[in-house]
Amino acid sequence: MSATRIGVVGAGGRMGRMLIEATLKDDRLVLGAAFDVPGSPALGKTAGELVGLPCDVVVTDDVAAGLKNIDCLIDFTRPQGTLVHLELCRKAGVGMVIGTTGFEADGKAVIAEAAKDIPVVFAPNMAVGVNVAFKLLETAARILNQGYDIEIVEAHHRLKVDAPSGTALRMGEVVASALGRDLEECAVYGREGVTGERDPSTIGFATVRGGDIVGDHTVMFCGIGERVEITHKASSRMPYALGSLRAARFMAGHKSGLFDMQDVLGLR
């Protein structure tokens, strides 16, 4: 099988650099293109310069032109930009891995529609460990379905713009689904003042933002006399990059369809 050609959006950012590095170190992949926004200091540099590895792919802001050189575009940017890139990929017949979070319902609907024409892997967290945690949460919620209060605590760096994180929300969705509940109806986002006694049917969320925390997520099942916690902590962004590249390789066997990391990892 020939190497999968990867394109990276946001090449000059922290996640973009990590994706470039991971791609260049994987002999099953080829970096075909690297993109960044107009005005970025990364423009005109080679991807190799950004990560200190041999590579002569030049960073450009012309995504439409660069798509002809790739099989899969990986995007960890902002919802508005991601949807623009998605439409370009759809027109070019190029698959897409979307790690961007913070989409509203209408944005998710656009992604689902595009996946009728191209393969799309869309997941709130690409790390393999987090997706194993999703599976563990499903099992735990079904067993601890009576007498346990459920709280989700997440922490990220000071620059993260959405809260709760997409991963925390997905954890809540997994737990709520296993319990036969609708997260939109049972979620409580933060507490303040005299809140009254806790409603046992709710799922609570707490958010921490500070420093350079890459990503910590804990789901607590709080019973009487015991507490079960399922935690994932990321110490670098490399797990997200490696999971994204695994998703890109997975897409090589699909012409269209909407997938997530549970599909990629065979956890369905």
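Positions of Cβ are set from backbone N, Cα and C atoms, glycine also.
Annotation comment: Swiss-Prot describes Gly10, Ala11, Gly12, Gly13, Arg14, Met15, Asp36, Gly99, Thr100, Thr101, Ala123, Pro124, Asn125, Met126 as NAD(+) binding site, evidence class sequence analysis. A 10 Å cutoff on Cβ-Cβ distances gives Arg14 (NAD(+) binding site) a total of 15 other Cβ atoms nearby, all chains included.
In the three-state DSSP reading, His156 (active site, proton donor/acceptor) counts as strand. Counting only same-chain residues six or more apart in sequence, the Cβ atoms lying under 8 angstroms from the Cβ of His156 (active site, proton donor/acceptor) belong to Ser165, Val208, Arg209, Ile213, Val214, Gly215, Asp216. Annotation source Swiss-Prot lists active site, proton donor/acceptor at His156.
In sequence order, Arg209, Gly210, Gly211, Asp212, Ile213, Val214 are the residues near His157 ((S)-2,3,4,5-tetrahydrodipicolinate binding site), counting only same-chain partners six or more apart with C-beta under 8 A. As annotated by Swiss-Prot, (S)-2,3,4,5-tetrahydrodipicolinate binding site applies to His157, Gly166, Thr167.
Long-range neighbours of Lys160 (active site, proton donor) (same chain, six or more residues apart, CB within less than 8 Å of its CB): Arg209. The active site, proton donor feature in Swiss-Prot is assigned to Lys160.
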Return the residue, from the listed binding-site residues Gly10, Gly166, with the maximum count of other C-beta atoms within 10 angstroms of its C-beta.
Gly10
Asn125 (NAD(+) binding site) - helix vs strand vs coil (DSSP):
coil
If the (S)-2,3,4,5-tetrahydrodipicolinate site is taken as the center of the Cβ atoms of His157, Gly166, Thr167, which further residues of that chain fall within 8 Å of it by their Cβ?
Thr101, Pro124, Asn125, Glu154, His156, Lys160, Asp162, Ser165, Ala168, Gly215, His217
